[in-house]
């Protein structure tokens, strides 16, 4: 006689919202890094573009290697609060301090500044790993329901993009207000505020969530075995390849957004809409579109599965990015419209892909007989950080090749480099991600069967 699987209880709004605010916390530092750090290094801190690009490659490589190690450590953690949740409490304050130090701007020699940048950036990435790997892994253990995970992931990225909106809307005005003409002082004060907010939000996430899914009591930790099983987990392999390519496109475009508007479009910081300059309007309107897009994720999934949505939405966004190469600098309204459409289209994909990684963790238990949730998520972030490594290094190398000089009148060649980095290159990486997802093996019928089989096994 078969045993019917119990139906998981739905998660409360409070827990979903509390979990989502954890990614808001991450983004108060991490999105600031993605959008402003390359500009800060080249135009404020005084590093050469090539040196900054090399820094991103070297530091992010070491950071990426730490991800699987952190995942293995988290999987082996045993506390009364669970495996992954306590790291939100333990690492919140170090996360805020490391974020602040990135923009502290000490008075050092040129070589001293480069050394300081390496130390603080590597420190920041290691602390980010220590808090974000367990946070991401919580998606796989808060609920066993694939449907609830998609909902939880949607909350996560609505909150993440809301945090990004606050950052891009507030950062430049705050930098101008606190700096009073001194960008270095403005960045330092603004980052201090963002760091305090991030610490508070991580603590709130810790207080409002709990873990429910546990590995079988008979399962013994064995890192070599787990890594071997991981490379046999085809859904994880495909998602990781797509993650490298997708995050490379995000990092490349994000790193040069300020450069694109400052040097190609000619935004000198003059208010363009109310008190906001054009760069801020571009980033905030795009982030609002992202929020709207990710909020529509449950609606999109009524009409297509996660794999199909990832393919079509990512391809459409790649087309939108590439089209910017043909938009003249004076067509600012057209830029805003195309960006809003592109970011709305791509909005659901982060929620979808992290729900797919949770499915990949279940696949490991279903087909391979072993659950290593944090290792799956940490290795996923390893792949994505390799994408960030590529994407973080490419802008510096390309700008140096095309003769870019910060705070100077740009040549036609250097402007071409900026334009390629903002348009064609990220679009090419995005198309590579689409091709990878095409080979993703799990359809919605497979996920439903997997969820049923695992629930039945756990109830017997």
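Just so it is clear, glycine is given a Cβ too, placed from its N, Cα and C backbone atoms.
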Report summary line: For TrEMBL, the entry transmembrane segment belongs, out of 309-327, 366-384, to 309-327
Query raised in the report: Who are the long-range neighbours of the transmembrane segment (187-208) in its own chain, taking Cβ under 8 Å and residues 6 or more past its ends?
Result: 14-15, 17-19, 21-22, 24-26, 28-29, 32, 36, 40, 44, 81, 85-86, 88-89, 91-93, 95-97, 99-100, 102-105, 131, 135, 167, 170-171, 174-175, 178-179
Query raised in the report: Going through 333-357, 386-404, 416-440 one by one, which has the most CB pairs that fall under 8 Å from the transmembrane segment (309-327)?
Result: 416-440
Query raised in the report: Other than its close neighbours in sequence, what residues sit by the transmembrane segment (386-404), given a CB gap under 8 Å and a spacing of at least six beyond its ends?
Result: 38, 48-54, 56-57, 60-61, 64, 243-252, 254-256, 259, 410-411, 413-414, 416-418, 420-421, 425, 429
**Report entry** Best-contacting stretch, by C-beta pairs under 8 Å, relative to the transmembrane segment (333-357) and drawn from 38-63, 84-103, 229-252, 416-440
**Finding:** 229-252
Query raised in the report: Excluding the flanking five residues on each side, which residues at least 6 beyond the ends of the transmembrane segment (38-63) place their CB within less than 8 Å of a CB in that stretch?
Result: 103, 105, 110, 113-114, 117-118, 121-122, 125-126, 128-129, 183-184, 187, 255-256, 258-259, 385-386, 388-390, 392-397, 399-400, 404, 406-407
Report task. Quickly jot the same-chain residues contacting the transmembrane segment (84-103) by Cβ under 8 Å, restricted to those at least six beyond its ends, or write none. Result -> 22, 25, 28-29, 32-33, 37, 40, 74, 77, 120-121, 123-124, 127-128, 130-131, 133-135, 137-138, 141, 187-188, 190-192, 194-196, 198-199, 202-203, 205-206, 209-211, 373-374
Query raised in the report: When you scan the chain for residues with a C-beta under 8 Å from the transmembrane segment (229-252), skipping those not six or more beyond its ends, what do you find?
Result: 34, 310, 314, 318, 321, 349, 353, 356-357, 359-360, 363-364, 367-368, 370, 372, 375-376, 379-380, 382-388, 390-392, 394-395, 421, 425-430, 432-433, 436-437, 439-442
